[in-house]
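Student: If you scroll down you'll find the structure; I have some questions about it.
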There are 10 protein chains.
Amino acid sequence: MDFTETPSADQLETFPNPKPGRDYSIEIICPEFTSVCPKTGQPDYGTIVFTYTPGEKCVELKSLKLYLQRFRNQGIFYEQVTNRLLDDFVEASQPVRCVVVSKWTPRGGISTNVTASYTAEQTRPG
Amino acid sequence: MDFTETPSADQLETFPNPKPGRDYSIEIICPEFTSVCPKTGQPDYGTIVFTYTPGEKCVELKSLKLYLQRFRNQGIFYEQVTNRLLDDFVEASQPVRCVVVSKWTPRGGISTNVTASYTAEQTRPG
Amino acid sequence: MDFTETPSADQLETFPNPKPGRDYSIEIICPEFTSVCPKTGQPDYGTIVFTYTPGEKCVELKSLKLYLQRFRNQGIFYEQVTNRLLDDFVEASQPVRCVVVSKWTPRGGISTNVTASYTAEQTRPG
Amino acid sequence: MDFTETPSADQLETFPNPKPGRDYSIEIICPEFTSVCPKTGQPDYGTIVFTYTPGEKCVELKSLKLYLQRFRNQGIFYEQVTNRLLDDFVEASQPVRCVVVSKWTPRGGISTNVTASYTAEQTRPG
Amino acid sequence: MDFTETPSADQLETFPNPKPGRDYSIEIICPEFTSVCPKTGQPDYGTIVFTYTPGEKCVELKSLKLYLQRFRNQGIFYEQVTNRLLDDFVEASQPVRCVVVSKWTPRGGISTNVTASYTAEQTRPG
Amino acid sequence: MDFTETPSADQLETFPNPKPGRDYSIEIICPEFTSVCPKTGQPDYGTIVFTYTPGEKCVELKSLKLYLQRFRNQGIFYEQVTNRLLDDFVEASQPVRCVVVSKWTPRGGISTNVTASYTAEQTRPG
Amino acid sequence: MDFTETPSADQLETFPNPKPGRDYSIEIICPEFTSVCPKTGQPDYGTIVFTYTPGEKCVELKSLKLYLQRFRNQGIFYEQVTNRLLDDFVEASQPVRCVVVSKWTPRGGISTNVTASYTAEQTRPG
Amino acid sequence: MDFTETPSADQLETFPNPKPGRDYSIEIICPEFTSVCPKTGQPDYGTIVFTYTPGEKCVELKSLKLYLQRFRNQGIFYEQVTNRLLDDFVEASQPVRCVVVSKWTPRGGISTNVTASYTAEQTRPG
Amino acid sequence: MDFTETPSADQLETFPNPKPGRDYSIEIICPEFTSVCPKTGQPDYGTIVFTYTPGEKCVELKSLKLYLQRFRNQGIFYEQVTNRLLDDFVEASQPVRCVVVSKWTPRGGISTNVTASYTAEQTRPG
Amino acid sequence: MDFTETPSADQLETFPNPKPGRDYSIEIICPEFTSVCPKTGQPDYGTIVFTYTPGEKCVELKSLKLYLQRFRNQGIFYEQVTNRLLDDFVEASQPVRCVVVSKWTPRGGISTNVTASYTAEQTRPG
Ligand SMILES: [Ca+2]
Ligand SMILES: [Ca+2]
Ligand SMILES: [Ca+2]
Ligand SMILES: [Ca+2]
Ligand SMILES: [Ca+2]
Ligand SMILES: [Ca+2]
Ligand SMILES: [Ca+2]
Ligand SMILES: [Ca+2]
Ligand SMILES: [Ca+2]
Ligand SMILES: [Ca+2]
Ligand SMILES: [Ca+2]
Ligand SMILES: [Ca+2]
Ligand SMILES: [Ca+2]
Ligand SMILES: [Ca+2]
Ligand SMILES: [Ca+2]
Ligand SMILES: [Ca+2]
């Protein structure tokens, strides 16, 4: 693992949704996320949960793990990283809908959770 | 038990719904599911929960247990098996509606849950 | 206690609802239910929860306890007994609405919960 | 404390709602309630939870505590006392809405919870 | 830390919302809040939870921590402080919406939770 | 139930130990104890746990329940009542050994537990 | 299952200890025990835990389950049944040592646990 | 409450041990302790548990509560305050033995607990 | 993974203890164990916990995982497999001491745990 | 924070034990430890707990936090790092005794905990 590589949506691999005609959901719970606070230089620790309804593609779990590990030494704030994770996940897999929740361990006695979601625009028949 | 037999909807036995005129639900929690990851050859472990409203038939629990055990040495991914379990359950029992949730133990520090559901098309009076 | 007496709705005693003009609910949790599986002859153990909105009558708790004990040596399946408990409760107390949930201890590694509900037809002014 | 004094809505003191223009809610959890079963003469123990949206007045907590203690030696059934607590609370504080939940410790292996609620009639502009 | 300084909305610092075009939410859990009961002179202890959807600004966490610490020796009631925290948070950050929940440790065997919320008036196109 | 009767060791009934030759233990958990603080006049609430090795006699549970209920309106401090319960239990049943633990609900944010024990002097062969 | 058959140590089947030279322990947790209170005629419900070090024999689990089910309609007190279960287990399997714990659901707000143990007399070399 | 008064052992009031001839223990759990870190000026929050066997005197709970509140604005480290609380408790009540445990909320992702104990020197017969 | 290969101590790989002069312990928790009951042909599921003090060698975790997976289709009883796991672990790594605990999911409403331990004979200086 | 700096006992700062004459203990719980597995290159995550009795010196918490963070990108095995943490802690603070426990998140479905301890040789009077 090269922890100096920059994370990018391109690192997320996908495979064809095995049941594309059904509106079902996949929840992926990642309790070992860590990044670095750009202000204090101190590490942050959190759990990231992706919940999505696949469109044509499902996200491959090992590539997701490696992608998340690339944030290990990146300086990025809670709000930024949560929105970034959602944007990358959507770019890579183009889901019908997706929610990303990040839950962070306490700093200064205060805990923070961030929730961001995406819904694909419906393509309507012409 | 012959763990080499292929699982199939035909193995699910049913009995007549004892209260066919009432819209009620049955939840069946199966925490001892195991199959094999086709990519790594490693065993997967999960809990499967079926929640359904019976139509004419209820699913007999012992046949469900034996059916689930037949996945023990089958190579199948999370998303596939969840949709497969739903399809087989629907084929065998033709419920009014059914939800299948699979919750898998962590791999590489990441846990995955999959939720798929089915609703019978309503037959409308002509 | 005579455990050979057959359970029946007539054994459920009621008392007048002390607040008949208010739509309120009563939840009764009975974790010591036991009956016998007709197929295996083995005892089943479960928790029964009644949640109802009384009409003219409330169900008296001691008679409910004795009524439930009469299932101790009765052979009856999960789905049957849940619907039976609801039918008897409704017959005895004529509630505005009622839900019965039964939650059974695991058999063969599988747990089952059954939920059935009743709503009185609204009497409309003529 | 004089445990022989009869409880009454007049004993509930109020203070002006500090934010009368906002629809907000106050939950008060009272786990030390006790009264006496009129049928058996045995003490009952429960938790009472009031959740209300104040109108012009908020209920003062110390007076609520003393009011609840006056039920200590009163004979009163679960359903009665729950409705009585709601009626007294509403009479004393005239809330926008109020829910009272009572949760009782088990008797004869059976637990009971009662939920009653009140909503003020909306005053419409003339 | 000077615990004699009066808390004020001006002490809450903000930074630009990094994703202003998305309707997402931030939950901030502060379990170390303490103030003083004006009636008894005794300290109160509570957990404050802010949940908001940012508009143009996000609230900076360290300034929020210091702002909350300034209530340490302030005499203020539960209902007042909850509404005050909401008002200050809204004034400082002008969120799309915000909920404040305060959960207080028991006094006299009674626990209290207060929930207040704010929604910005929608600016409609002219 | 007459809550004005004074509690006394004489009210504890016993029955012959069914296995007097074996050193075994009986734990009795009573979570519904209440008495009154002599200083404040406020009710106290606690759980009493008796753990004893019977000698010739076992304590009958219903008489223990009624004995404990007689403290309902008695003014008595935590330390006193715990030692009193131990003394009465020992006087009535003459156990080989006995421990009494009382665990009280919080007052002023502080919880108290008291533990007292007794061991019979060994009668030595002459 | 014939619930009228009297339970007896003879019903406990054993098999040869697969590791007779090692001092190891087996814990068997039986949460579905029920018998009848001889005084009130009401059913009792409890969990029985056997912990033993086998000598020459191990107890076969299915026979233990059937043996315990034969108490279903037997009138027997907590202290009696606990000592009886220990005596029967020892008679049937002659363990090096054995502990039986019974934990009963509350009656009249009071819970009871009974613990009895046995240690084989050591055979000393002559 | 005057939070500027310095805490001192003299503020702990005592009352005569009601059972001086018995070696029993009293546990006092105080989850609302707060003081100030002398290094950072930030408030610390902790739970203090005293467990002692009284000699001639018991500690009066209300005076203990007020004594602990006087640390509210005192600058003192974890190790110091724990040993100080033990010294003051011993000086005021001269117990047979005493243990003080302090459990602190996390700072910088790290939690700390400190345990200190005292045993009176035994007075031996001359 | 070839689930037909027979498990054997030879499959457990070791590496040199990095701190051979210190008496320290390593606990390895394996919640995904499964084997087959030889009597019923049904799968068993359990958690295996190894706790050992290494001598010259530590057990390599990946080889332990693969070794445990080889029991997947083996018919073996609870007591046998627990003692077998201990014997193989000891043979492969020659620890100073080792405890193996197996905790099995319920069958017929009964759960079983088995605990076996080993201590190396002390080599005494000549 | 410079995550490339090598961790070393010299980075642990100490302060004089405020109560050197008393044998008391300090427990420090660090749930945010991370290092890298030298074999797989994958990050490991664990909780480290230090429990020690100080001699002349106490370990300063902020320096401990920074020292632990320096393992972030270090390749080191579970057994090594646990013994290393103990050795560094002892070298820096020369405690009377110290225990280090490391509890690691699961890998391949297996969790590992390591416990190592140190006791100072007693200096005996000459
Ligand atoms: Ca979720
Ligand atoms: Ca923190
Ligand atoms: Ca469910
Ligand atoms: Ca998983
Ligand atoms: Ca309910
Ligand atoms: Ca079940
Ligand atoms: Ca509530
Ligand atoms: Ca009860
Ligand atoms: Ca509270
Ligand atoms: Ca106990
Ligand atoms: Ca208390
Ligand atoms: Ca304690
Ligand atoms: Ca362990
Ligand atoms: Ca089992
Ligand atoms: Ca510890
Ligand atoms: Ca692990």
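Glycine is treated like the rest: Cβ placed from N, Cα and C.
So TrEMBL has the following annotated:
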{"type": "COMPBIAS", "residues": "F:1-11", "note": "compositional bias 'Polar residues'"}
{"type": "REGION", "residues": "F:1-23", "note": "region 'Disordered'"}
{"type": "ACT_SITE", "residues": "F:Cys37", "note": "active site, thioimide intermediate"}
{"type": "ACT_SITE", "residues": "F:Asp44", "note": "active site, proton donor"}
{"type": "BINDING", "residues": "F:Val59, F:Glu60, F:Leu61, F:Tyr78, F:Glu79", "note": "substrate binding site"}
Student: State the count of C-beta atoms found within 10 angstroms of the C-beta of F:Glu60 (substrate binding site), not counting that atom itself.
Tutor: 16
Student: Could you check the recorded positions F:Asp44, F:Glu79 and say which one's CB has the fewest neighbouring CB atoms inside 10 Å?
Tutor: F:Glu79
Student: At a 10 Å cut-off from the C-beta of the residue listed as 'active site, thioimide intermediate', count the other C-beta atoms across all protein chains.
Tutor: 15
Student: Taking DSSP as the reference, which of helix, strand or coil describes the residue listed as 'active site, thioimide intermediate'?
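Tutor: Assignment for the residue listed as 'active site, thioimide intermediate' reads coil.
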Student: Of all the Cα pairs drawn from F:Val59, F:Glu60, F:Leu61, F:Tyr78, F:Glu79, the residues the record ties to substrate, which distance is largest, in Å?
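Tutor: So the binding residues stretch over 25 Å, Cα to Cα.
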Student: Find the one among the recorded positions F:Asp44, F:Val59, F:Glu60, F:Leu61 whose C-alpha lies closest to that of the residue listed as 'active site, thioimide intermediate'.
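Tutor: Of all the candidates listed, F:Asp44 is nearest in space.
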Student: Would you list the DSSP helix, strand and coil counts for the residues of the compositional bias 'Polar residues' (F:1-11)?
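Tutor: The composition, in the requested order, is 3 helix, 0 strand, 8 coil.
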Student: If one measures from the C-alpha of F:Asp44 (active site, proton donor) to the C-alpha of F:Tyr78 (substrate binding site), what distance in angstrom results, rounded to a whole number?
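Tutor: Taking the Cα atoms only, F:Asp44 (active site, proton donor) lies 9 Å from F:Tyr78 (substrate binding site).
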Student: Would you count the other C-beta atoms found within 10 angstroms of the C-beta of F:Leu61 (substrate binding site) for me?
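Tutor: Cβ-Cβ neighbours of F:Leu61 (substrate binding site) within 10 Å number 20.
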Student: In terms of Cβ proximity below 8 Å, which recorded positions out of F:Cys37, F:Glu60, F:Leu61, F:Glu79 neighbour chain H?
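Tutor: Checking chain H against the recorded positions, the residues within range (Cβ-Cβ under 8 Å) are F:Glu79.
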Student: Where does F:Glu79 (substrate binding site) sit in DSSP terms: helix, strand, or coil?
Tutor: helix
Student: Sequence gap of 6 or more, C-beta under 8 Å: which same-chain residues meet both conditions with respect to F:Tyr78 (substrate binding site)?
Tutor: F:Asp44, F:Gly46, F:Ser102, F:Trp104, F:Thr112, F:Val114
Student: If I restrict to non-local contacts, at least six residues apart, and a C-beta distance under 8 angstroms, what lies near F:Val59 (substrate binding site) in its own chain?
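Tutor: Within the chain, F:Val59 (substrate binding site) has Cβ neighbours under 8 Å at F:Leu12, F:Glu13, F:Thr14, F:Ile28, F:Phe50, F:Tyr52, F:Phe89, F:Ala92, F:Ser93.
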Student: Is F:Asp44 (active site, proton donor) helix, strand or coil when read with DSSP?
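Tutor: For F:Asp44 (active site, proton donor) - judged by DSSP and reduced to three states - the answer is strand.
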